[in-house]
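Database features (Swiss-Prot):
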- 1-43: region 'Disordered' (REGION)
- 10-37: compositional bias 'Low complexity' (COMPBIAS)
- 52-72: transmembrane segment (TRANSMEM)
- 92-112: transmembrane segment (TRANSMEM)
- 147-167: transmembrane segment (TRANSMEM)
- 181-201: transmembrane segment (TRANSMEM)
- 209-229: transmembrane segment (TRANSMEM)
- 255-275: transmembrane segment (TRANSMEM)
- 291-311: transmembrane segment (TRANSMEM)
- 323-343: transmembrane segment (TRANSMEM)
- 381-401: transmembrane segment (TRANSMEM)
- 407-427: transmembrane segment (TRANSMEM)
- 441-461: transmembrane segment (TRANSMEM)
- 465-485: transmembrane segment (TRANSMEM)
Amino acid sequence: MSQIPSPNDPASTGAAPSSAAVPAGPSATPAPSPTAGFSLPGHRPPPTGKALAALAVGALGVVYGDIGTSPLYSLKECFGGPHGVHPTDANVLGVLSLVFWAMTFVVTFKYMSFVMRADNRGEGGILALMALVGKTETTRLGRRMLLMLGLFGAALLYGDGIITPAISVLGAVEGVAVAAPAMERAVVPATVVILVFLFLFQKQGTAKVGAVFGPVMLVWFATIAVLGVRGILHDPTILRALLPTHGLSFFARNGWHGFLVLGGVVLVITGGEALYADMGHFGKRPIRVAWLGLAMPALLLNYLGQGALLLHDPGAARNPFYLLAPEWALYPTIAIATAAAIVASQALISGAYSLTQQAIQLGYSPRVTIRHTSQREIGQIYLPEVNWMLGTACLALVLGFQTSSRLASAYGIAVTGTMIVTTLLFHRVMRDRWGWARWKAWPLTSLFLTVDASFFLANVVKFRDGGWFPIAAAALVFTLMSTWKRGRDALALMLKDAGLPLDLFMADVARRKVQRVAGTAVFMTSNPGGVPPVLLHHLKHNKVLHERVVLVSILAHEIPFVNEPERVNARELGSGFFQVIAHYGFMETPDVPALLDSLPRRELAGPRITIVPMETTYFLGRETLLANGPSNIPTWRKRLFIVMARNAQTASAFFGLPPNRVVEMGAQIQL
């Protein structure tokens, strides 16, 4: 089991990498794990019957919101975008053929059949995949390359999370301009109002309304399926598009221009990564059932219906989705589309929260405020700082780009870049985790990369049209995450070198007669084998120790969850000292007071430890970092790291420590 430094450190744990925090500060010394490893959580039998149906409907509301709203703008971009083709019969059949085979190959074949098998104890997503393959890499260079690759993929996902709410809501509200052209100027203001309310609502949590997300998307998929069937019945010849020959002849006929149309076709698979990222919430089977049983058939019917409309009326390319609806159903369709767009946006926002939580626990992001909005659902969280950054960026995109067509140019690069990163990491899973031979793994990887790279290159030409935005956003996030990781590792190394081994300290305490005072003192340390500097400072300056001293280490591991029976190890060190080591996965948030309160109820092999809250004082270190130290990090990165450390959430708040029971002791460190 690979242990990673718990994200704690800089401005919050005494001069030592307080592991009790996940970024309690920039340090975090990975100490040898006191346990040999963790058992796999008990596997529940695959859901069946009503349970499977309920999970599948739930998956519709979370997993398929992004890809489910793609019909609002995908074909409009293929035929009416800056690189669109004229909607002749041959081109319509060719584009629809590409749409069908893109959905079949990328979503059904690549993600459903292969990538979803590469789970990190049930969890999926870029960071979970990176943590999974990182366990098998033994060389320093190899781990560094995997880290950089995974962080850039995660950074691209943030760009996706910014664009999706903007383009989905814009695409839905643009139906108003179809119903009443005079209302076109109201599209952007209406979109802004909806997004403002959406982001303001986040602090309330989705526990109360989350139950309706699935039914809303169920109605949405039923609606688009009916609209599609209506279009197909008007011109059934569109079904010829299912033949791959039409896609191939499209490229032969249009050449380079036809290749560029892939930049619009890729919009039909923009939610593919969500299938993998949300795997831990619903499980593989419900996600597959929802896709094959409803989502894919409904999407395919709607795209074919739009294609049939274009065969009959090429002028409908300006907005084929809404023009597919009969006039009397236009406003109800707009309402349902807007509701679906809000659900899709919520799914991406919640995904950004989850991704940030993972990054914090894995040590790639400074601490931010994490609020649990549901007592029953552990995954229901709200991150105020992330929410406001996403909200501000989304509103800026809407005001800057104005239309979903312009935003579509920015969308594809983030999605296709993430797909390439996933393929490269998945190759390592096949080779290192599954033991596939090169002759078996490389052909599949090459096939995936050929398709991914084709979509990516077709979108690169849109760089000046808006593609620069996700690249800029990803570069910014990547710089922040990599800077935090480098700075934290450097600080951890400095603190480790300056630390004192625990066994030597305990031998010294046993020899010396230090004055003791009543009560319990809790010291946080990220290194179970060392003494936290804050304890040394306390002893040096105050020259006393409490009757009972508890050293708490919270270690973050590269697995999503830790089984409760394996959560805690405790032992008595002698002279009134106790050591508590707690283990957490990257999907969990530690609560130190609750952890200590639970000790008497746990069946621990070590001593029975009872903590009286009003007789307990928590000691934390607060480091003041200076950029003039000996580490080989560039000065600009040191300064950026220091700014991030200063603005990180305090360790006491992150660990839920009672403010009136916390004592902080400062130290100056030259980084």
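Count begins at 1; order follows the chain as displayed.
From the backbone N, Cα and C atoms, a Cβ is placed for every residue, glycine too.
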Compare 52-72, 147-167, 291-311, 407-427, 465-485 by their Cβ pairs under 8 Å to the transmembrane segment (323-343) and return the stretch that comes out on top.
52-72
In the same chain, which residue numbers or ranges, 6 or more beyond the ends of the transmembrane segment (92-112), come under 8 angstroms Cβ to Cβ?
67, 74-75, 78-79, 85, 238, 240-247, 249-251, 253-254, 258, 261-262, 264-266, 268-269, 272-273, 275-276, 287-288, 291-292, 296, 299-300, 303-304, 307, 310-311, 419, 423, 448, 451
Under an 8 Å Cβ to Cβ limit, what residues of the same chain, 6 or more beyond the ends of the transmembrane segment (209-229), are close to it?
57-62, 64-65, 68-69, 71, 294-295, 297-306, 324-325, 333, 336-337, 339-340, 343, 346-347, 380
Would you kindly check 52-72, 291-311, 381-401, 465-485 and say which stretch has the most C-beta pairs under 8 angstroms to the transmembrane segment (181-201)?
381-401
Per the Cβ filter (under 8 Å) with a sequence gap of at least 6 from its ends, the transmembrane segment (255-275) is approached by 63-68, 70, 73-75, 77-79, 81, 83-85, 94-95, 98-99, 102-103, 106-107, 110-112, 116, 126, 157, 160, 164, 287, 291, 299, 303, 344, 347-348, 351, 408-409, 411-412, 415-416, 418-419, 422, 454-455, 457-459, 461-462
